[in-house]
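*Asks:* Heads up, here are the entries from Swiss-Prot:
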{"type": "BINDING", "residues": "THR56, ASP133, GLU199, LYS229, ASP233", "note": "substrate binding site"}
{"type": "BINDING", "residues": "200-202, ASN234, 263-268, GLU286, ASN321, 342-344, ASN390", "note": "NAD(+) binding site"}
Amino acid sequence: MYDSSSKIKDLSLAPFGKLQMEISETEMPGIMTIREEYEKLKPFKGAKITGCLHMTIETALLIETLQKLGARIRWCSCNIFSTLDYAAAAVSTLENVSVFAWRGETLEEYWWCVEKALTWGENGEGPDLIVDDGADASYLVHKGAEYEKLYEEKKILPDPESGKNEEERCFLSLIKSSILKNPKKWTNMAKKIIGMSEETTTGVLRVKKIEKNNGLLFTAINVNDSVTKQKYDNIYGCRHSLPDGLMRATDFLISGKIVVICGYGDVGKGCASAMKGLGARVYVTEIDPICAIQAVMEGFNVVTLEEIVEKGDFFITCTGNVDIIKLEHLLKMKNNAVVGNIGHFDDEIQVSDLFNHEGIEIENVKPQVDRVTLPNGNKIIVLAQGRLLNLSCATGHPAFVMSFSFCNQIFAQLELWENRNTGKYEKNKSYILPKELDEKVAFYHLKKLNATLTELDDNQCEFLGVSKTGPFKSEAYRY
């Protein structure tokens, strides 16, 4: 039944969304196995879960699974361009599920959606648990509580005009408005949140920064560093969805072209592999000597951006850092160069500086594709305004890969909920899921690919010092 409190683009898209969900079920064996094992037990009975994660078909199946396991849910997307409106429509019809997401939100609308997903009652009551991607929901709670304390002690409100960009101004404006309505909303909310689970490298970095400053207000589980998330979603997911996004956006041939991959972490490895497989000449920029030598050993040229900026045909950022491709680089690019980002946030490329630069002409070619005429007459193509091109110009990672990531999210949420009164997890610390669960997630997906495990005999188990059921590797093992 549709929850009238939801805000989506078009409810009539729900039947198509449900059909897509049904098709994707066969490609998400881990998610479906969890349903079979836990649905009758209803382990999330009584739990209120807020999600801030790309509202795709795969996410719709995650939401439906959490709902079938007994949770009540409020959900928003974590990117203004990544929502698939038919997916949002489909899940909005589920019982005990409210959705606040549509494709093409403004930044003001985006943060409104995040606040709505976090707010469970008229008095500002919040969730028990947060499923996060980029840590935006958790960040809002933390910064809201921080500014409430400042207001309580010094009567100082956040100044939206002090924001360094439009998004920060919208963010500060929301918190200011919230404090004027309810000056203890975020503080009280944080006290009752059991914990959050974070999906991305960038989000984990945010959480770690807060933790380092002793500011973490509730438990955090780092899903990103589970092997079955990091090595599958980050590598194989990007290897599929980067070329998908580039082809849908540009229809340009990749074979023979010069592709510059900025960053050679797991995401960069997947991107470089995809481009190499399509016949591109791949160049990598890196700051880390270990990652750099890995790139060289895979046959890639490791250069500085300054060396290659005037020659590249495609530039892809995937560093999780800021200001990787600066305005000065963009202005030097060759005619028809394509610039895109597959890192979580939009600050890897100085798109805003480019769009506001004197002498620039911007022509929207189609949704999330802009052709920019530079002062020297060259035209470059900017994808998704520097936001995630694989989710903005295409539909993101395939369902099979997301099944791994979302199994980890569910197990993280279960760990937090089932141990809420045991003292296993401290309030102000972050954790990684146990290796047993990592191996369990991998096991769930073997049958779908017709893979059969070899079983150790007793003598082999004794020699290795492991049990027949695992875990098979130490925590220090690097896959």
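Using the three backbone atoms N, Cα and C, a Cβ is placed for every residue, glycine included.
Since this is a predicted model, take the numbers as computed values, not measurements.
Can you tell me where each of these features sits in this structure?
*Replies:* Around ASP133 (substrate binding site), the C-beta neighbours below 8 angstroms that are at least 6 residues distant in the chain are CYS52, LEU53, HIS54, CYS78, GLU198, GLU199, THR200, GLY203, HIS344. Annotation note: ASP133 (substrate binding site) sits in a coil segment as assigned by DSSP.
In this structure, GLY263 (NAD(+) binding site) belongs to neither helix nor strand by DSSP; it is coil.
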*Asks:* List the binding-site residues among GLY263, GLY265, VAL267, GLU286 whose C-alpha is within 10 Å of the C-alpha of ASP233 (substrate binding site), in sequence order, or say none.
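*Replies:* Correct set: VAL267.
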*Asks:* Once the DSSP letters are reduced so that anything not helix or strand counts as coil, what is THR56 (substrate binding site)?
*Replies:* coil
*Asks:* Of these binding-site residues, GLU199, ASP233, GLU286, which scores lowest on Cβ atoms within 10 Å?
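*Replies:* Per-residue Cβ counts within 10 Å for the binding-site residues GLU199, ASP233, GLU286 bottom out at GLU286.
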*Asks:* If I take the Cα of LYS229 (substrate binding site) as reference, which of the binding-site residues THR202, GLY263, GLY265, VAL267, ILE342 has the closest Cα?
*Replies:* VAL267
*Asks:* Where among the binding-site residues THR56, THR200, THR202 do you find the Cβ with the fewest other Cβ atoms within 10 Å?
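*Replies:* Ranked by other Cβ atoms within 10 Å, the binding-site residues THR56, THR200, THR202 bottom out at THR202.
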